[in-house]
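**Q** I'd like to ask some things about the structure below.
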Amino acid sequence: MKSPVHRCRDVEHGRGQAGSGAGSGGGGGSNCLQPEQRIPVSKDVITSSSSSALWFIRDTCGIVCAIITWLLVFYAEFVVLFVMLVPSKNLTYSIVNGTLFNTLAFLALASHLRAMCTDPVCILRWICFCYCFLFSGAVPKGNATKEYIESLQLKPGQVVYKCPKCCSIKPDRAHHCSVCKRCIRKMDHHCPWVNNCVGENNQKYFVLFTMYIALISLHSLAMVVFHFLYCFEDDWTKCSSFSPPATVILLILLCFEGLLFLIFTSVMFGTQVHSICTDETGIEQLKKEERRWAKKTKWMNMRAVFGHHFSLLWLSPFSTPDHGKAETYQYVV
């Protein structure tokens, strides 16, 4: 195969920074393709490897935030169960609210785990998906070499570019994450609370996580209000197994936590749903990038994230979305 044809374009850094981006991305060797080079792509592109690999970002800040998230949920669980429900004299009230709260908390933590440990679609996986291959690994750094491209027996007609930061092939609508140190397709943002990027493959789990956290926050606030009213009418020593000062402190802390996370996750849930309906990620909105992809209806965009067949599985973090037929994209940086 002949050497690729040069083309002066670098979407990530703009025309003026193409040269400096190439130096930082391919400084490790001269074999890396320059950011402005373009190459035709064939279906014989990639072979599968490490399909059982677990996706996890080793970022100290993200890991600490993820642990704090779980601890806060466990704290709310402790206060709801042992301060409000167990001492309650109304057995029906305790069973109904305990079941509801624990179900929502379980779904929230399951959604958090799926959002954190799901590959948000690094680019090598997306290329294979488009060509009906199965591969769940992250895009390896420096795979955009001339030798690698020439070994693919490429078919003319499609275009690829390389990322000047990680020297990897990636498609349109992909952005490089400095924390994950990989290129993520349809990257919305990097969220330290889930220690992962919110991308094409895990956006459903992130939306479910924000929704369930908002619901348990609202539920806990409602129970705190009812418990305060009940304790004011009754003897404080009988409405809780803890001392009155300890009970008040625990309830106030839970109230503050619930109110804070209700506001935060409700806003995040709303922005995510808006981003899905408009088919425009947070980064694309921030950068005001020109739309180069086909415009779809809001319902089609929702199905693209949650699955092509509407059902209760949309609300399940254990259900992997059926994204239907893969679209063909131009591969650019």
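Just so it is clear, glycine is given a Cβ too, placed from its N, Cα and C backbone atoms.
Source: prediction; values computed, not measured.
Pulled the feature table from TrEMBL, pasting it below:
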- 16-29: compositional bias 'Gly residues' (COMPBIAS)
- 162-288: domain 'Palmitoyltransferase DHHC' (DOMAIN)
- 1-29: region 'Disordered' (REGION)
- 61-85: transmembrane segment (TRANSMEM)
- 91-110: transmembrane segment (TRANSMEM)
- 205-230: transmembrane segment (TRANSMEM)
- 242-269: transmembrane segment (TRANSMEM)
**Q** Which numbers of helix, strand and coil residues does DSSP report for the domain 'Palmitoyltransferase DHHC' (162-288)?
**A** 72 helix, 17 strand, 38 coil
**Q** Mean pLDDT over the domain 'Palmitoyltransferase DHHC' (162-288): what is the value?
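**A** Here the predicted model's pLDDT, averaged over the domain 'Palmitoyltransferase DHHC' (162-288), is 88.
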